[in-house]
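S.K.: Residues annotated as domain 'Cobalamin-independent methionine synthase MetE N-terminal' in TrEMBL: 3-310. Under the heading 5-methyltetrahydropteroyltri-L-glutamate binding site, TrEMBL lists R15, E16, L17, K18, K114, N119, R507, C508, W553, E597. Sequence annotations record features per position, and here TrEMBL assigns domain 'Cobalamin-independent methionine synthase MetE C-terminal/archaeal' to 418-741. The L-methionine binding site feature in TrEMBL is assigned to I423, G424, S425, E476, D591. If you look up TrEMBL, you'll see I423, G424, S425, E476, D591 marked as L-homocysteine binding site. Taken from TrEMBL, the feature Zn(2+) binding site covers H634, C636, E658, C719. The annotation Zn(2+) 1 binding site is assigned in TrEMBL to H634, C636, C719. Per TrEMBL, Zn(2+) 2 binding site is recorded for E658. The active site, proton donor annotation in TrEMBL covers H687.
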Amino acid sequence: MKTTIIGFPRIGEQRELKFATEKYFRNEWTAAELEDFAKELRKKHWQLVKASGVEEIPSNDFSFYDTTLDTACLLNIIPQEVAELNLTEREKYFALARGYQGEKGDIKARPMKKWFNTNYHYIVPKFEQTTKISVTGTKIFDEYYEAKALGIETRPVILGPFTLIQLSEFETGTDRGTIISDLTNAYQEIIQRLESLGVKWVQLDEPGLVKDLTPEELAEFKTLYQALLVNKEIKVLLQTYFGDIRDAYETVIDLPFAGIGLDFVEGRKTLELVKQGFPAEKELFAGVVNGKNIWRNHYQATIDLLQEINPAKLVLTTSCSLLHVPFTTANEIFAPEINQHFAFAKEKLAELVDLASILAGDEAQLAANQALFAQPRFNENQAIQAKVAALTAKDYLREPVFEERESLQRAAFQFPLLPTTTIGSFPQTREVKQTRAKYKRHEISEAQYDAFIAQQIDDWLKWQTEIGLDVLVHGEFERNDMVEYFGQNLSGYLFSKNGWVQSYGTRCVKPPIIWGDIAREQAITVKWSTYAQQQTKKIVKGMLTGPVTILNWSFPREDISLKASTLQIALAIQEEVLDLEKNGIRVIQIDEAALREKLPLRKSDWYTEYLDWAIPAFRLVHSKVQPTTQIHTHMCYSEFTDIIPAIDQMDADVISFEASRSNLAILDELKRQHFKTAVGPGVYDIHSPRIPAVAEIKQTIEKILAKVPLEKVWINPDCGLKTRGIPETTKSLSHMTEAVKQVRKEL
Ligand code: GLN
Ligand code: ZN
């Protein structure tokens, strides 16, 4: 029984690659120093995988920033504006990822998008009319050699052409047919060269196959691969992940792949497909160890599954690259009885080896694992389980209906036309972060810490009043992170010390772990929200994170459904909402920044698998408030054109969303679909330090007013301001309120 993995986390056990790369960014290291460091890191990782007993080891899964970007560079898909700069290859690479501003030029970064249904991001490749596809990169060949020199035979990995095309942007005037034939030639050349180097297996990643595919797309896939699978010696592994390939399965098994990698964890239909028949001459790379979550594998269930499919040639692997889980549990300080339930990347290698030995008859491993799963789960909370079980349709309904609330609220609040507000956070300066850290380390007392936060709130309330904002915020200075802060005040959550996962480039996130049933232990935001409200006659908005976002940015349980966990969280946040209301908070914003992000990859699953419980979970949170308590929500992306009715069904009174970078295209759709919720499309981009001029914001407001009824419009920036500096924040926001003043006058 062979074992392998699809890819390994490149960031390093202690995020070494992050820190090394950032040294290079700060010019403290030369490119050569960075390359040497990376070489050592790759060596360490290959040797670690080898030592674990996993036999087939991938290469070229390493990346300085992103593997899609690596593929673009390998194929010379480099936009002209970067290609023509007098930069080294390494500088060009990082220029595409992060932009370049220096003596050799000034260019923006390429756009970045979420990688399928993960929190990893890829850099969007762009085909231009001037693009000359050719194999100019050498990374994939170099890394194969590098491993070989260490005595390790590897399987080079590359993003396949089908998915590459799906993810790319095409300049108008480019010809898709030509691009496809050029890509085919280039991939042929890569495979040819790998073959002549003596490579035995090459892995082509095609996660794009797990989406709903049109017959045209399927035909395109077939054409591409018919042309690629012509070599005699080298074996090609078609690797898929993040779901099943129901649309492409027939096509895939008919093509001369030597191996096919299928996801048995997220792919709901994978088992059914394989049972219909899997060619005996091909190797089935069965993704049975979850590459996305951090729980131990249930060996008996996996063995049962494997016995059910019983293919002629089986290779055990992970469901996707281990890039999406933290490195190892070895550096955590969880109690052993807790730690034993976790498997991060390194521990998953051991699981693959265990599974292989169990299949070969090792009873002891199986018994130990059975004992682990037989233990009762800690943190059961029967009261909360009962509460969820007792929920009825009425609990998800807010009364009276939207239109009635709208007029009641209009009378109650008397906001001016185009009310202005912000999304919640103000700049988290070094001073703010350090003070929080000192408090955490007990270097300052609670009283000192509280005085500091209160002072921040006072200052910013005063300033917000001065520039004439209508609905104020307290600024979120007490929060490190919009999910962790809530998790820390809920029972049922655990926090790793070192559980970092790459999000993009050198940025990593540390998702909290949902360990048990979730319940609200104590009030979470009431203290600072009420403090802020008591300091001013103006309305101060309460600020909460919604249940779907809390869930989506955590490692979820596997023993109960996502829906069940989300409803528990929703009940906890509902208590917080009612507590805020009781304490005089009249406007409450419940952020659902990550709601759009976990939409299933298949459109056909959107409602049944996700929205049908996610949207009600949000409604549950605010269903019990008074008609005159105004509920706001916020979403980070405006890419919800295709789920507008679902967003309206959240039944919030106001929604703010990021809009400035998407040229407000969403507004036409809102109008067409009679969107009822009042809207605050962001009037300026907060992701850059650039300060928008008054006239520019005014123009944006006028564009909004051309499409949305005046009485439905709120004015706010795109998102929270915690990553921005103070000078640009104060200037931008005062330009915003000034622009509104001018527009109001003209109205
Ligand atoms: N209220 C949060 C903030 O302002 C929202 C952040 C977000 O949408 N990601 O920081
Ligand atoms: Zn946002």
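Using the three backbone atoms N, Cα and C, a Cβ is placed for every residue, glycine included.
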S.K.: Can you tell which of R15, K114, R507, H687 has the most other C-beta atoms within 10 Å, given these are the recorded positions?
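M.R.: Buried the deepest by this measure is R15.
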S.K.: Spatially, which candidate from the binding-site residues G424, R507, D591 is nearest to H634 (Zn(2+) binding site), comparing Cα atoms?
M.R.: D591
S.K.: Measuring CA to CA, name the entry from the recorded positions K114, W553, E658, H687, C719 that ends up nearest S425 (L-methionine binding site).
M.R.: C719
S.K.: CA-CA, which of the binding-site residues L17, G424, W553, D591 lies nearest the residue listed as 'active site, proton donor'?
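M.R.: Nearest by Cα distance to the residue listed as 'active site, proton donor': G424.
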S.K.: When you average the Cβ positions of H634, C636, E658, C719 for the Zn(2+) site, which other residues in that chain have a Cβ within 8 Å of that mean position?
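M.R.: Along the chain, the qualifying residues are I423, A593, M635, Y637, S656, F657, G682, D718, G720.
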S.K.: Could you tell me the mean pLDDT over the domain 'Cobalamin-independent methionine synthase MetE N-terminal' (3-310), as a whole number?
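M.R.: Value for the domain 'Cobalamin-independent methionine synthase MetE N-terminal' (3-310), mean pLDDT as a whole number: 96.
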S.K.: Listed binding-site residues: R15, I423, S425, R507, D591, E658. Which have a CB under 6 angstroms from an atom of ligand 1?
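M.R.: Cβ under 6 Å from ligand 1: I423, S425, D591.
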S.K.: Just to verify a number: CA distance, I423 (L-methionine binding site) to E658 (Zn(2+) binding site), in angstrom, no decimals.
M.R.: 10
S.K.: Three states by DSSP: which one describes D591 (L-methionine binding site)?
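M.R.: Assignment for D591 (L-methionine binding site) reads strand.
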S.K.: What three-state class does DSSP give L17 (5-methyltetrahydropteroyltri-L-glutamate binding site)?
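M.R.: Going by the DSSP assignment, L17 (5-methyltetrahydropteroyltri-L-glutamate binding site) falls within a helical segment, counted as helix.
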S.K.: Could you round the CA separation between E658 (Zn(2+) binding site) and D591 (L-methionine binding site) to a whole angstrom and send it over?
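M.R.: Cα of E658 (Zn(2+) binding site) to Cα of D591 (L-methionine binding site) measures 13 Å after rounding.
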